[in-house]
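See below for the structure under consideration.
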Amino acid sequence: MPAGGAPAGTPNGRRAPVAVALDAPDTATALRWGRAVAPHVAVLKVGMELFYREGPAVVAALRAEGLLAAPEGRTGPAPAAPGLFLDLKLHDIPATVAGGVRSVAGLGPRFLTVHAAGGRAMIRAAVEEAAAASTGTPIAIAAVTVLTSLGEADLAAVGLAGPALDAARRLAALAVEAGATALVASPWEAEVLRNEVGKNVTLITPGVRSKGGERADQTRVATAEEALAAGADLVVMGRPITAAADPAAVAARLAATLNGVSRVADLR
Ligand SMILES: O=C(O)c1cc(=O)[nH]c(=O)n1[C@@H]1O[C@H](COP(=O)(O)O)[C@@H](O)[C@H]1O
């Protein structure tokens with residue numbers, strides 16, 4: 001049992017560097033999934049489907065059950081519960097984005113997403129507001145580079161100069177320069193981005209699937225092991241876990257497999 005009395009997610013007591021996307025239609029479903037996976041993973045992600053319907057109350061409900069760490073910060077060498085990844089993908093004029101950050105800062109997210117394509121001033125506004133409004137654990141502004149659902153033809157269709165790797169590099173550099181301390185990209189870009197932004201930026205990769213697994217709407221995909229080996233700190237997984245017959249078993253298996261692969265010991 002790790003210090004702090006947290007349940008052991010992996011054989012050595014570390015939580016796996018996985019953010020489970022709770023893309024649930026309601027709080028009851030999110031709580032059910034959260035109970036199943038929280039003992040095994042470092043982060044729970046609340047995104048637009050759940051947050052638009054349930055609002056801040058869903059975060060309070062997850063915390064009330066001990067499924068999310070308290071916003072005040074660490075209580076010991078091992079986190080008592082997963083951290084909150086609030087995935088709202090803010091993308092608007094700087095003042096509006098700053099207002100959005102201010103409105104959710106009290107929820108104590110460990111990560112909060114903005115679209116890097118919103119530009120330097122917007123990202124800087126988010127970063128500054130996050131620093132000013134944080135009430136506990138610092139909020140990392142995570143800039144989403146090129147969505148993992150997009151392929152090369154999609155980039156061309158929206159007028160984003162590709163290939164995806166170049167677009168991700170460009171957006172990552174801009175975001176880090178504007179103060180973002182986390183980046184979201186596909187596993188395909190992880191190695192290059194890691195080399196370019198250094199080790200102090202948290203690299204988050206969605207688009208994670210098992211070998212031959214159902215891609216659904218994802219395009220630039222790899223396995224969790226591949227993503228971590230390429231330099232990711234945290235992999236995001238939703239449906240491969242939450243749509244499984246037994247999400248707890250899938251999360252436990254994943255945690256056991258990833259134990260030892262991760263670069264960061266107790267991400268949260
Ligand atoms: O910001 C994200 O988390 C994100 C960025 C991205 O480029 N691609 C992406 O899939 N995501 C999120 O990661 C999760 C992936 O879910 P699954 O495809 O079900 O594993 C979803 O909640 C997406 O909103």
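The backbone N, Cα and C atoms fix where each Cβ goes, glycine too.
As the structure is a computational prediction, the values presented were derived from the model and not from experiment.
Database features (TrEMBL):
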- D87: active site, for OMPdecase activity (ACT_SITE)
- K89: active site, proton donor (ACT_SITE)
- K89: active site, for OMPdecase activity (ACT_SITE)
- D92: active site, for OMPdecase activity (ACT_SITE)
- D23, K45, 87-96, T148, R209, Q218, 238-239: substrate binding site (BINDING)
- 17-254: domain 'Orotidine 5'-phosphate decarboxylase' (DOMAIN)
Should we count any of the binding-site residues D23, P94, T148 as near ligand 1, judged by a CB under 6 A from one of its atoms, and which?
D23, T148
Any idea what the model's mean pLDDT is for the domain 'Orotidine 5'-phosphate decarboxylase' (17-254)?
95
Please identify, among the binding-site residues D23, P94, T148, G238, the one with the smallest Cα-Cα distance to D87 (active site, for OMPdecase activity).
D23
If you count the C-beta atoms lying within 10 Å of each candidate's C-beta, which of the active-site residues D87, D92 ends up with the smallest number?
D92
Name the secondary structure element type, per DSSP in three states, that contains D87 (active site, for OMPdecase activity).
strand
Kindly assign P94 (substrate binding site) to one of the three DSSP-derived states: helix, strand or coil.
helix
Counting only residues 6+ away in sequence within the same chain, which have a CB under 8 Å from the CB of G238 (substrate binding site)?
V20, A21, L22, D23, K45, P206
Mind giving me a neighbour count for T148 (substrate binding site)? Other Cβ atoms within 10 Å of its Cβ, every protein chain shown.
25
